[in-house]
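Student: Once you've had a glance at the structure underneath, I'll fire off some questions.
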Amino acid sequence: MNEIEQRIAELNKLLHEYGYAYYVLDKPVVADSVYDQLLHELIALEEANPSLIFPDSPTQRVGGTVVEGFKKVTHDYPMLSLSNAFNEADLQEFDRKVRQAIGDHFSYVCELKIDGLAISLKYENGVFVQGATRGDGVVGEEITANLKTIHAIPLRLKEPITIEVRGEAYMPKKSFEKLNAQRADNGEELFANPRNAAAGSLRQLDPKIAASRQLSTFIYAIGGDGEIYGIDGHAEMLDYLEDLGFPSNKERQRCSTIEEVMAFIEHWTENRPHLAYEIDGIVIKVDRYAQQDELGYTAKSPRWAIAYKFPAEEVVTTLLDIDLTVGRTGVVTPTAILTPVQVAGTTVQRASLHNEDLIRDKDIRLGDTVIIRKAGDIIPQVVGVLIEQRPENSVPFEMPKNCPVCDSELIRIEGEVALRCVNPACFAQIAESIKYFVSRNAMNIDGLGDKVVEQLLRADLIHDVSDLYHLTIEQLVELERMGEKSATNLVNAIQASKENSMERLLIGLGIRHVGEKAAKIVSEQFGSMEAVMAATEEQLVAIYEIGDKMASSLVEYFSNDDARAVIERLAEVGVNMTFKGKKVEVVVGDNPFAGKTIVLTGKLEQLTRNEAKAKIEELGGTVTGSVSKKTDLVIAGEDAGSKLAKAEQLGIEVWNEDNLIEQLNLI
Ligand SMILES: [Zn+2]
């Protein structure tokens, strides 16, 4: 066997194992995207070597097989799958073909693609008589008893008609979390995601189990010809289904151009975390039946619809190395160094490994093929290993006994999973706390990047944050890659930071449990650093939103002589120690922002988004990320996209940047 034959055999074996676990046992061992990636590798190899296609290759099977224990049912009309779009180019191509066939006078209907299990429901004279899974699209499994347990599925329609409808059964995120928490308590295996939990629930032989799982459903299609019900398009059909008593998803939109479709996709790519259920894409359909008929079908799917799939969130790659870094608080964090791989639209070459426990529990080794997960803005993480693909000579990974930076012995504090360096003179800890002090959300000193901080420490020019304020242009120009101009700018930025309101300093000190919000509240309430330093735990806890942990952490921090000495030195060089922001109660009700929920969108010219946000918050307004019915005002800069469209759709007041500046100047 040559290398290609070997790989094809290996992929066949893996995909059979994973497919069985997923489709038959409802206990997936890898994420779908991992399965897909391996499947695509196999498809590519088979295409290049057709003589090597196994008769039972997973590529020769369409959809899932029917599980033992349920009756098979043949669908009256096949449940076709839609072709997929993975990017804008795919959508443009789809749009071009549609326009070529039916011209420009049509509209699309966009809907959320619910990440659940496709189902078919049959009603005779208005009564629910049979429910089935999609199966392979032609033959499904009869799961009527289990579907009846879903409260959202009507047992009797509002009209005594005979009809077959299609939809998606799904498990809401909340039910999923509860179910998994319960299973963890019972020591049972956890479900990988809500879709697998929904599928597993509907394939239970005992309907009581399905009933306990709190599934729900959205219905989005009629099986067969919709025209016999006197409707002439998809949007009208959705309304009709609602009239009959079916649950339909409200987050749908009619679009007349592919640009509007893209804006809808963009909106939901951003907002899907806020939904109560998981979605994995957007479905786009040509609305009118007459035009759908004109477009027709390919062998596998309709030409009048396409499913846009969100980028894969899990992929596999190789673990090249494990990098150990020491943070501001001494915690040693292992980071995976990876063969670069595309995931969720970005190239990932580093991923979090959390801590030693994760490495040990999953037995993650150098050279392993690992599964990487990246969802939304979350830092990419290593979530698992494909043990089957492990190199033969690999050995378990051992965490070091000593700090990789200062070599002092690492310890594990009771009740914590992390290893820590507790040497207060550790270079890494000092460097990290200075980087944190100058960072954007803290003292916000421009031009003082990580490299410069390390150079300053190595050159013995600084030892703690107070030394920054003694730096001179002459000292700075001696540093590598530091010109006269940058040095001047940096000194100016450092000096300017002295004027910051005190909450920035409080953030910059990096006190445990004291984040941005807490620092602001404490500063506002006490007014000066002196007062905060003198505050007791009781006084601190008395403030709404300040908890026990924060209070004791603050008191402990300020009882430390070294910490007090640094603050004294900062005061000596003239760093402001008082709260400068306006007190919220003074301005509430006095201006057009107070008590309002405001969304900023598009590019602002005269001030940055953060500045605008800070001003609005100072005036008692709340700035949120997405437009909803609760939004009072949208401020739209240049090139505002879907948020502006949504605001207009909901009839929310919209200002441009000039309106904003004008109002701010009036206050
Ligand atoms: Zn150390």
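All positions are counted from 1 along the displayed chain.
Glycine is no exception: its Cβ is also placed from the backbone N, Cα and C atoms.
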Student: Among Glu10, Glu111, Glu266, which is the one Swiss-Prot gives for the NAD(+) site where Asp32, Ser33, Val34, Tyr35, Asp36, Ser81, Leu82, Arg134, Glu168, Lys285, Lys309 also bind?
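Tutor: Looking at Glu10, Glu111, Glu266, the one Swiss-Prot places in the NAD(+) site next to Asp32, Ser33, Val34, Tyr35, Asp36, Ser81, Leu82, Arg134, Glu168, Lys285, Lys309 is Glu111.
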Student: Take the domain 'BRCT' (588-667) and count its residues per DSSP category (helix H/G/I, strand E/B, coil), listing them in that order.
Tutor: 29 helix, 17 strand, 34 coil
Student: Checking your reading of the structure: which of the binding-site residues Asp32, Val34, Lys285 lie inside a 10 Å Cα sphere centred on Cys426 (Zn(2+) binding site)?
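Tutor: Near Cys426 (Zn(2+) binding site) by Cα: none of them.
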Student: Among the recorded positions Asp32, Asp36, Leu82, Lys113, Arg134, Lys285, which have a Cβ atom lying under 6 Å from any atom of ligand 1?
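Tutor: Among the recorded positions listed, not one has its Cβ under 6 Å from ligand 1.
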Student: How many Å separate the Cα atoms of Cys421 (Zn(2+) binding site) and Val34 (NAD(+) binding site)?
Tutor: 37
Student: Quick one: of the recorded positions Asp32, Val34, Asp36, Lys113, Arg134, which has its CA closest to the CA of Cys406 (Zn(2+) binding site)?
Tutor: Val34
Student: Hey, which of the binding-site residues Val34, Leu82, Cys406, Cys421 is the loneliest by Cβ count within 10 Å?
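Tutor: Comparing Cβ neighbours within 10 Å for the binding-site residues Val34, Leu82, Cys406, Cys421, Cys406 has the fewest.
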